[in-house]
Amino acid sequence: MATHKLLLLPGDGIGVEVMEEVKKIIAWLESKGVASFAIEEDLVGGAAFDDHGESISEGAMKKAHQADAIMFGAVGGPKWDKVPYDKRPEAGLLRLRKDLDLFANLRPALCYPALADSSSLKREIVEGLDILIVRELTGGVYFGEPKIIEELPDGQQRAIDTQVYTTNEIARIARVAFELARLRKNIVHSAEKNNVMKSGVLWKQVVTKVHAEEYSDVGLEHILADNCAMQLVRNPKQFDVLVTDNLFGDILSDAASMLTGSLGMLPSASLGAEKNGKRAAMYEPVHGSAPDIAGKGLANPIAEIASFGMALRYSLGLGDIADAVDRAISRVLDQGLRTRDIAALGEKTIGTSEMGNAVLAALQKEMG
Ligand SMILES: NC(=O)C1=CN([C@@H]2O[C@H](COP(=O)(O)OP(=O)(O)OC[C@H]3O[C@@H](n4cnc5c(N)ncnc54)[C@H](O)[C@@H]3O)[C@@H](O)[C@H]2O)C=CC1
Ligand SMILES: CC(C)CC(=O)C(=O)O
Ligand SMILES: [Mg+2]
């Protein structure tokens, strides 16, 4: 049996709490003898800064490059508000994404049947929802230079962030979206703002060209990102694969999470290009470190557990176990088990570890 090299980077706040629940699943899969893992764990984010003054160490970066897959928790929190910008917790995450060239961030927004009434929207709007947001992850305004605050002669300060995209960066994420669309409903929506942004003009041109030259069998619709946000709330089931840039993808996926019940439900896979038969990959929930609930055992671990499911499927060749993880999540939701974020008003709730235990117990049933 192949041994899979997994690097665990729990990070800060609820990142640590939800990762504990994945560790339980890993331990059980090993004890059952259905998978073998070589696990390493390291610090990232504020925890790394507190330990050694950087948001990720060179040693952790080396382990990240060597891993078959990385499981990421979350980083950040008010404790590090005054840390210098390049050392803030989020910089560790951005470095992992950039250095490993994890340009394709797949963020599925699925509304589990049992949660169709927990969404903030009506059942008929979200029931059966299955959208895949394909977010460009290593370009755009999060990385463009200059990124500065400068002093002006009149005593003001001026902040500059720069949105930069090249043809190749847009083309490669568009190809990911079209390839995935072929496996799904064969339709891609591409969201940008070509009406006010040059990067939006290029985005639309390149997506149109890649489509015409390589994927004319797939449907393509262009949509302005602001309208897209509105349409996601109004009629989300019109979307299947939605490709967009780094910033819009970040915002639209947090919005889409509420169609599924909670931000605590959305997993993601951040993938690089295949090189010599290997693809760098990091699996991360869409949510952050949730300082408002951190340390209270209230976090929903499903996004992290479902991210582990994506790792099993996309990086480790363990699709059958990934399917069982997905069915286990569905089963606990069908049983009516709810963390606070997905509970209806007045409904009984359970904590992070109870939810993790319930998913593990359901997985044990699923796998006999
Ligand atoms: N991937 C990452 O590590 C990310 C880190 N962040 C960082 O996290 C920190 C907090 O950011 P926020 O804006 O508060 O975003 P957040 O995603 O941490 O939390 C937003 C809201 O959703 C709730 N929430 C999030 N995940 C949940 C879960 N699993 N279960 C139940 N409720 C959940 C939180 O309690 C909060 O009310 C900041 O430092 C931010 O930069 C934010 C997003 C992603
Ligand atoms: C660097 C992250 C904190 C940005 C973010 O919110 C995300 O990637 O979801
Ligand atoms: Mg985000």
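Quick reminder: no glycine exception, Cβ is built from N, Cα and C everywhere.
Within 10 Å of the Cβ of A290 (NAD(+) binding site) there are 24 other Cβ atoms, across all protein chains. Under DSSP, A290 (NAD(+) binding site) is assigned to coil, being neither helix nor strand in the three-state scheme. The annotation NAD(+) binding site is assigned in TrEMBL to 77-90, 288-300.
Look at TrEMBL and you will find R97, R107, R135, D226 tagged as substrate binding site. Summarising the environment of R107 (substrate binding site), the number of other Cβ atoms within 10 Å of its Cβ, over all protein chains shown, is 26.
The DSSP secondary structure for D250 (Mg(2+) binding site) is helix. Here D250 (Mg(2+) binding site) comes close to R135: these same-chain residues lie at least six apart in sequence, with C-beta atoms under 8 angstroms from its C-beta. The Mg(2+) binding site feature in TrEMBL is assigned to D226, D250, D254.
Look at TrEMBL and you will find 133-179 tagged as domain 'Cyclic nucleotide-binding'. Mean pLDDT for the domain 'Cyclic nucleotide-binding' (133-179) in the predicted structure: 98.
DSSP assigns Y142 (site 'Important for catalysis') to a helical segment in the three-state reduction. Marked as site 'Important for catalysis' by TrEMBL: Y142 (among others).
Per TrEMBL, site 'Important for catalysis' is recorded for K193 (among others). Around K193 (site 'Important for catalysis'), the same-chain residues at least 6 positions away in sequence with a Cβ under 8 Å from its Cβ are G200, L224, A225, D226, F248. Secondary structure at K193 (site 'Important for catalysis'), taken from DSSP and collapsed to helix, strand or coil, is coil.
Between the binding-site residues R97, R135, the minimum number of other C-beta atoms within 10 Å of a residue's C-beta occurs at R97. Neighbour count (other Cβ atoms within 10 Å of the Cβ, all protein chains): 28 for P89 (NAD(+) binding site). For the recorded positions Y85, Y142, the largest tally of other C-beta atoms within 10 A is found at Y142. Overall, the recorded substrate-binding residues R97, R107, R135, D226 cover a maximum inter-Cα distance of 26 Å.
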